[in-house]
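Over in TrEMBL, the protein carries these features:
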REGION    A:411-432  region 'Disordered'
TRANSMEM  A:34-52  transmembrane segment
TRANSMEM  A:64-85  transmembrane segment
TRANSMEM  A:90-107  transmembrane segment
TRANSMEM  A:127-146  transmembrane segment
TRANSMEM  A:158-174  transmembrane segment
TRANSMEM  A:220-239  transmembrane segment
TRANSMEM  A:270-287  transmembrane segment
TRANSMEM  A:293-313  transmembrane segment
TRANSMEM  A:320-337  transmembrane segment
TRANSMEM  A:357-378  transmembrane segment
Amino acid sequence: MTTTTASVPAGKNRPYSGTGDRLRLWWDAQARPTQWLIGVPFIVFIAFLPVLRIPVLTTVGTDFGGVMAQFGMIALVAIGLNVVVGSAGLLDLGYVGFYAIGAYTVALLTSPDSPWNLTDQWLSQRWAWLFCVPIAIAITAISGLILGSPTLRLRGDYLAIVTLGFGEIVRLLADNLTTITQGGRGLQGVAFPYFGGTDKNPDGVFSAGNSDAPWNSGLWWFWLSIVLIVIVLLVVGNLERSRVGRAWIAIREDEDAAEIMGVPTFKFKLWAFMIGAAIGGLSGALYAGQVQFVVPTNFNVINSMFFLCAVVLGGQGNKLGVILGAFIIVYLPNFFQGRTSLFGIPIDGNDIAGYKYLFFGIALIVLMIFRPQGLFPARQKLLAYSRGLYQAARRAALGGDRATSAAAVLADGPADASSDVPGAGTKDGGDR
Amino acid sequence: MSEPNSPDSLRAGAESNEQFLSPDGSISTSEDSREQDLPDGEVIEVDVDLASVNPDLADAGTVAEIVAADREIRAEVGAPLLEMKSVTMQFGGLTALDDVSFTINRGEILGLIGPNGAGKTTAFNAMTGVYRPSSGSVEFDGRALGSIKRNEITRRGIARTFQNIRLFSDMTALENVVVGTDARHRTSVPGAILRLPRHRREEKDAIDRGMALLEFVGIGSRATHQARNLPYGDQRRLEIARALATEPKLLCLDEPAAGFNPAEKEQLQDLIRKIRDDGFTVLLIEHDMRLVMGVTDRIVVLEFGRKIAEGLPQEIAQNPAVIAAYLGVPDDATA
């Protein structure tokens, strides 16, 4: 009974047939130097988008540099949340809590309004931000540990509810501990990195006062976040192609089976939580530095949903996909903001931007129906030294005279492409 | 690795080259022509000759050598490996196991049989730490399996497969097996982030051993296939390979032949023998009498949670209590 239903290949969902897959295959097939040759100019091009100010792409209502800076921060958040939700499969609805802790750590240590301000004592305002970022990362990682150790024994929906509560608790603490956080008045004058001060911009290029577009502060924050994203991607990528990443995927697929196969599941879930939290904290620290002002309303629970939306939209488990997801959710509302016509057609952009939650809600529903795996679904590579194997697979795919050609494989598999839902039949077992 | 003209540099169709190379089409136009006979999609699901990746794997003896269990097990063949000592399992009012005792000796294939609901799987779960016995104890390798975690039990040397296949279906066959080898590895987050030497060594070992294991169970050519796309029989074999990857002293197979046709059962018998000959101890839970009789060295029979017989296959086949348990007792005998 169950044996047969679970194990008959549940509808061969053609694994590599979409445009994105071809792009990915093409990319994987390139040699390392070629990948660098394409990748670096591409990143540089993205980095200079706010400078180039391409007509239709550039936002009109808000500064394009500022939008891209926001994108950079949300992209970091999405990468961090993707570790928790996408890789390890732990639904975290309170991720904004970590973002808030990162932002408040920097703000509390550097804002003149805070009782714990260090900048009026021995810490120079110029170096305060850089000094506080590692502290913010460490504190959010510890908060991830504190939240995770009791709650990660829960599974599925229960975990989601507890994390939702955590996000709210952080915000309510920030709102109500008025003697420390100033409550709803917020903390002003948060430190930011000092770099390249001139007579015109005495506080340097990262200062909010630097508004001479296109080389304004938004652009510099965007560049800073690109550097951080690349570093974080390298770290997360190394983790994915290791015992740790495989443990995460195994836990997501079937936690009991993973444990019985010797995976210390609790330990690696905790690591996922801590790493995700640390990345969220880093992003929060960036945010606090950029706006130089931290207030509890910025960390509403709706932001958690927004972050999750970026991950789900982009494709859970695909760290590059979630960056694109972050771009979509940040850029699209800003694209419409303040726009009165598009390609000559008059539109009311402010209205469209105002209804962004409605549109993203609809988009998510449509996505769940037609493409539940996200716009850019994951094809994770979990082995660090398997290049030889995949090259052999490509050789086999290309070798026409071999019995093991692709055609032979096509012939012996059931040619049924009906199921698009990955693991629909087998996933249930692990979630009990 | 960086020969721009090597055939491996493209699996996608030629039209996709144009599509994606428009910014820098010069890079791989030279190999476009080779790609045209490739079908769209499915390209990763091709069989691969592992011997071309690692020439050692061409020789079955070397494969068995890489897969082999610890020498120490071979040296102590016949000594008790796992002892069930008066194990009782109760779920509420239901007694699933009632004072069951038996031993599994090193280097043997022990069959655990019994009619439906006899408590086979419960016994199995008690052994592998899924359940904790209500009373009695399980001793493995000279030490009691007390209240240790399930992943620790695997590290102690008990591996299992599942009656209803539970592979990591999004992973490739090789990745599934490598998850098993990870049980013996110690790299954690810092080592993986910094790619420390131990991490690199463990990763390479895992891939070598993983490929050898796939070759050993006979599905080496499917290494890059996604687990969910494998045929049923290969999924069963992959489960065995994944369990062997944890370097167990005792391999527990829970109805490995479920859903198999006679030819596949025949192959499974050969595989189980091969596993034993490679130095592993095997516990086989199975319904199929012919398979059990054909492959096991000794058999334990359960009925209604009690052990009703234990002995060599021929003895069990003659045992009246076993025959009664399987076929029922004639009406006139009960009267």
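Placement of Cβ uses the backbone N, Cα and C atoms for every residue, glycine included.
As a quick check, the transmembrane segment (A:220-239) and the transmembrane segment (A:34-52) clear the bar of 3 or more Cβ pairs under 8 A, pairs 6 or more apart, so the two touch. For the transmembrane segment (A:158-174), the most Cβ-contacting stretch among A:90-107, A:270-287, A:320-337, A:357-378 is A:90-107 (pairs under 8 Å).
Between the transmembrane segment (A:320-337) and the listed ranges A:64-85, A:90-107, A:270-287, A:293-313, A:357-378, the one holding the most Cβ pairs under 8 Å is A:64-85.
Each of A:34-52, A:64-85, A:90-107 was scored by its Cβ pairs under 8 Å to the transmembrane segment (A:293-313), and the highest score goes to A:90-107. For the transmembrane segment (A:270-287), same-chain residues at least 6 beyond its ends with a Cβ under 8 Å from one of its own Cβ atoms are 72-74, 76-77, 79-81, 83-84, 87-88, 90, 92, 95, 98-106, 129, 132-133, 136-141, 143-145, 147-149, 152, 221, 224-225, 228, 232, 236, 239, 244, 248, 298.
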